[in-house]
């Protein structure tokens with residue numbers, strides 16, 4: 001017979017049989033070799049077919065191995081191994097059966113049919129282990145499903161649904177799906193579409209994370225529980241794995257064959273199977289090559305006729321981008337819009353999921369944590385959607401507590417490290433024999449004994465707490481498994497067994513859980529001394545703070561005191577601007593105490609004043625105060641935005657322009673660091689159109705970038721600086737602050753539009769600096785020089801006369817404090833640099849600076 005008439009799987013099995021014969025030094029390929037090779041190939045399906053026919057497959061494999069060991073061996077046989085006469089006869093019989101059935105190719109199961117009638121060793125073993133001809137023939141008919149084998153890969157296309165889909169209803173039966181809370185309207189609308197005569201294919205469209213896949217899981221749970229109309233009862237809901245369909249399709253037409261096999265299996269089911277395709281937009285263009293059809297086009301006829309009950313899910317953007325472009329595909333689906341749930345609905349969803357997450361992590365999730373997760377995620381995580389972002393917070397906070405439970409508590413870890421340190425020291429001191437060393441050794445021994453006792457006490461408490469926690473955890477898991485069993489019994493209608501579990505075993509387990517939890521409470525004088533086992537609102541706030549950089553968690557006492565004394569801290573670097581410092585400090589205190597308007601930035605200020613009086617310095621100081629670093633200061637020099645088109649640099653270029661994908665400078669910075677100080681320096685130099693962009697930022701705390709994404713500015717402090725009104729401030733230096741402010745505001749109104757000024761929280765006028773202020777600034781500047789000298793192991797002492805001389809040299813009422821820096825460089829740093837290079841000051845020396853004859857003198 002011709003071997004090219006065998007199917008691909010049969011040819012592979014024959015090749016494997018040849019390898020078996022070679023490995024065993026057998027001169028011929030016997031029927032036993034071929035049958036064992038078929039059983040060893042898990043993908044061939046022969047093992048499953050024989051199991052269906054009632055054959056004990058493991059015992060058969062063991063018998064075949066023994067039979068092969070008894071076959072004659074030929075050492076050093078270098079010739080080609082050929083098919084034995086017995087196997088050739090069996091293959092010819094299989095060929096005859098194939099002709100009778102009208103098959104173009106000989107499939108593996110026909111060899112089994114021939115073998116079941118054979119009287120040789122392999123046939124005898126098959127019968128011995130339960131394989132009679134009638135049962136094997138019945139199993140073959142069931143697997144073939146009345147179809148002919150007309151392609152070499154026909155065996156690979158069998159049971160396509162099993163290979164390329166996952167049964168969601170089966171997972172629901174096993175209790176592996178999360179409970180679906182709410183979403184009744186969307187599920188009802190999907191059922192309504194599924195019951196139509198034609199085009200009965202709903203597609204769920206919504207933003208990422210709103211719960212589209214959860215709706216399908218909810219439908220699977222309702223089908224399992226029988227909470228659906230009669231026409232949907234007992235149906236299967238399968239998830240199509242498109243990646244598995246495409247994976248390994250090497251030749252043209254292979255992907256199409258697989259998809260056709262899936263569609264054929266579905267059509268055989270007479271509408272008893274619903275298919276769910278997640279990310280349905282991937283169908284468009286899937287498997288398309290030159291001249292080939294893509295998956296979307298192959299599905300269209302079945303979708304239109306109503307043969308294929310398909311549920312799709314995709315996001316709004318991808319639906320518009322892929323599905324809407326293909327009008328023929330779009331009309332075959334009915335849209336079901338899935339909106340973002342409200343905060344209240346999200347809280348209900350989280351309460352439903354609470355038990356699953358508690359069992360998974362082995363921690364308790366409190367109700368305040370659930371409320372905090374919904375509210376904080378809605379307020380601070382603006383670029384994602386509920387309920388996904390709230391679930392993420394709960395999951396991460398619980399994961400953090402679980403990680404702490406699995407590792408050694410911090411208090412014990414510190415003691416452990418200290419003990420190791422002392423033991424090393426003891427070994428070193430032990431080698432010394434003098435009296436001082438012996439005294440030190442005695443002290444070390446005493447400390448080690450004391451710390452060891454403390455460590456042992458803590459370890460005992462830790463073990464007790466951990467044991468209590470693990471005990472209650474195992475009971476919770478048992479209760480969860482029991483509830484799944486009860487649901488299954490309820491579906492089967494086994495009321496007697498259900499009553500036994502519900503009124504017998506379940507109350508016992510709940511009583512044990514209550515006992516374990518109450519015992520834990522009594523046994524601990526200080527509850528949770530070492531282990532945190534609860535996720536509270538504070539833990540959720542910590543996760544939000546870590547993810548966004550926004551301080552959401554409760555203020556510690558130290559931070560409260562720091563905020564109350566904020567003016568003093570700012571005055572350490574900003575001299576003589578009391579009104580400005582107070583305005584900024586009040587804005588920060590409002591935000592941290594929770595009184596600030598949540599829909600606006602923390603504060604928006606316009607700083608007006610002459611050059612060099614501390615406008616920019618105050619912003620830098622504020623950033624350092626809030627974040628302990630200047631990195632969170634987003635500084636934009638508005639002199640770079642003098643042209644009309646430069647607005648695009650702030651928010652990103654519009655579609656069609658170069659740089660569209662890159663995003664805007666301001667919007668990208670704020671997206672990465674939502675909690676920051678934004679400094680718009682020299683704001684009057686920008687083009688008037690730039691201010692139009694800032695209007696919505698100042699009013700609503702939001703800005704839409706070039707790509708249509710909304711960027712949240714609600715956690716920023718916006719400061720604009722300008723030199724407008726400098727001349728009036730200089731001229732009216734001695735007048736009252738309010739009089740100066742009115743005069744400056746008159747000039748501001750000529751420069752900026754009323755709607756822009758009206759949106760700014762406070763316009764702050766900075767005073768010009770007098771000689772006393774300059775002297776204070778000189779001290780601050782010299783402090784910086786002292787720090788630089790300290791790195792060189794030098795110290796600096798400057799007399800009051802020398803300081804006055806420097807201040808006088810650096811005082812210029814027009815230019816503010818900037819000339820002072822230049823004066824310090826020229827009068828102090830330059831001569832000092834020469835002296836250091838000349839070797840005048842060795843390490844640990846003190847540089848004395850005094851005033852002599854109107855000049856600075858070094859000693």
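Just so you know, glycine gets a Cβ as well, placed from its N, Cα and C.
Marked as ATP 1 binding site by Swiss-Prot on the basis of similarity to another entry: 206, 207, 208, 209, 210, 211, 212, 213. The Cβ of residue 211 (ATP 1 binding site) has 28 neighbouring Cβ atoms from other residues within 10 Å, across all protein chains displayed. In the three-state DSSP classification, residue 211 (ATP 1 binding site) falls within coil.
Residues near residue 612 (ATP 2 binding site) in space but far in sequence (CB under 8 A, at least 6 apart, same chain), listed by position: 769, 815, 816, 817, 818, 819. DSSP classifies residue 612 (ATP 2 binding site) as coil under the three-state reduction. Per Swiss-Prot, ATP 2 binding site is recorded for 609, 610, 611, 612, 613, 614, 615, 616.
Taken from Swiss-Prot, the feature coiled coil applies to 391-525, supported by similarity to another entry. Each residue in the coiled coil (391-525) has a pLDDT score, and their mean in this model is 75.
If you look up Swiss-Prot, you'll see 3-146 marked as domain 'Clp R'.
For 6-71, the entry in Swiss-Prot reads region 'Repeat 1'.
What Swiss-Prot lists as region 'Repeat 2' is 83-146, and the listing cites sequence analysis.
Feature annotation from Swiss-Prot assigns region 'Linker' to 341-549.
For 559-768, the entry in Swiss-Prot reads region 'NBD2', with the evidence type similarity to another entry.
The region 'C-terminal' feature in Swiss-Prot is assigned to 769-859; the stated evidence is similarity to another entry.
Look at the binding-site residues 206, 208, 614 and count other Cβ atoms within 10 Å of each Cβ; 208 has the fewest. Residue counts for the domain 'Clp R' (3-146) under DSSP, split into helix (H, G, I), strand (E, B) and coil, are 95 helix, 6 strand, 43 coil.
Sequence-distant residue pairs (6 or more apart) of the region 'Linker' (341-549) and the region 'NBD2' (559-768) include at least 3 whose Cβ atoms are under 8 Å, placing the two stretches in contact. Across the region 'C-terminal' (769-859), DSSP assigns 51 helix, 17 strand, 23 coil. For the recorded ATP 1 site, residues 206, 207, 208, 209, 210, 211, 212, 213 set the reference point as the centre of their Cβ atoms, and the other residues of that chain within 8 Å of it by Cβ are 214, 315, 338, 385, 388. Of the chain residues outside the ATP 2 site list 609, 610, 611, 612, 613, 614, 615, 616, 607, 617, 721, 723, 766, 816, 817 have their Cβ within 8 Å of the site's Cβ mean position.
The Cα of residue 209 (ATP 1 binding site) lies closest to that of 615, out of the binding-site residues 610, 611, 615. Taking each Cβ in turn and tallying the other Cβ atoms within 10 Å, the top scorer among the binding-site residues 213, 611, 616 is 616. In the three-state DSSP reading, residue 206 (ATP 1 binding site) counts as coil. The least crowded of the binding-site residues 210, 613, judged by other CB atoms within 10 A of its own CB, is 210.
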